[in-house]
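Undergrad: Shown below is the structure under consideration.
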Amino acid sequence: MMGQRQHVILLIFSAFLLFQTSNAHNITRLLAKHPSLSTFNHYLTLTHLAPEINRRTTITVLALDNAAMSSLLDKNPSIYTIKNILSLHVLLDYFGAKKLHQIRNGTALAATMFQATGVAPGVSGFVNITDFKGGKVGFGAEDNGGSLNSFFVKSVEELPYNISVIQISKALPSVVAEAPTPGPSELNITGIMSAHGCKVFADTLLANPEAMGTYEDNVNGGLTVFCPMDDPFKAFLPKYKNLTASKKASFLEFFGVPVYQSLSMLKSNNGLMNTLATDGASKFDFTVQNEGEEVTLKTRVNTAKITGTLIDEQPVAIYTIDKVLLPKELFKAALSPAPAPAPEEAADAPKGSKSKTKSKSKTKSKAAPTPDSDSPAESPDDDPADQVADDDNAAMCFGAERLAVVGLSFLLVFFLL
């Protein structure tokens, strides 16, 4: 009987341990245990790479000790160039010490976080890993002429198939990653949009000093832009011209978000998002929904899908969308009449409730559509309320799982006593 009780206790402990630690890692905490990597750890935080690493799974960090970081910093690179260099040291695959010595055919090409930003042209964001005879493993940026002049030193931390932190002898040289990178205030966001299929939107933004000024004021602190492609925005221009001056500014500001949102952040978060146009009762928000690799933006009027990334570098991200997203504050949704309830059911039909909560960047609430409109009604897509319901269901499922674990555990103990 005592053996059975010990076995049950062990099962309970294992269940809770698995529940609490599944797929969780924090690169800053992992590196904090290694003082020789403190400078590297500091710059992962300073460049905002640490949160990006924490959001990913199946990842390898090529850590540099303080001496190697000192050699890198002696060149006085800007913080934005440092971010590019360090993002080249984050592999989007898992390589533990054992796997490094079991590479098929002795060599592998790994994509990096630098490649994922879309800034690295061609194969310049890839790292070559080669297992030499005698147990020596070399690393080199693919745009470095095939030179493998940095080598495996030791395994620092490993959470199998989730994250591996290994130390290499020196920084990976890369002409592209080390190139001077302009600061956010030096970025020409309308120029970037114009050169990549969003010229009509960019020209319209430039022609509106109020909206353009709002975008410029937010570049340094964090800005995400969703720019409609030329064809849909050109077709929309007649409706835009019918708006009043103040509503034109609000409409253009609606496509900007006053925080930096990387594509991985958008893919991992669902919910309402405030915009540059959000101001008190004028919510001007939209719902972000994702399914796999597809990210959509929804209002009560229509839905747009992210189709490309023009730039994704902290603190600025610009994405293209396939439609002109319409705010419910300016455009009416064409509502379909609801079917009349059966007489015996009408008296028992529950009444809906509304709630409003405001935050700077995201909120779980939904706002009722306003009656004001400067344009003909548009056809509605899915209601954002579906997302709120999904969030509530997810929360209920999470709580149910926890209760199930607790209940089953105590039930087992009760029957074995």
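Even glycines carry a Cβ here, placed using N, Cα and C.
Under the heading compositional bias 'Basic residues', TrEMBL lists 353-365. Under the heading compositional bias 'Low complexity', TrEMBL lists 366-378. The compositional bias 'Acidic residues' feature in TrEMBL is assigned to 379-390. Annotated domain 'FAS1' per TrEMBL: 24-172, 185-325, in sequence order. Summarising the annotation, TrEMBL assigns region 'Disordered' to 338-390. Feature annotation from TrEMBL assigns signal peptide to 1-24.
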Undergrad: Over the span of the domain 'FAS1' (185-325), count residues by DSSP class, listing helix, strand and coil in order.
TA: 52 helix, 41 strand, 48 coil
Undergrad: Summarise the model confidence on the domain 'FAS1' (24-172) as a single mean pLDDT, whole number.
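TA: For the domain 'FAS1' (24-172), the model's average pLDDT rounds to 91.
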Undergrad: Would you mind splitting the domain 'FAS1' (24-172) into helix, strand and coil residue counts from DSSP?
TA: 53 helix, 40 strand, 56 coil
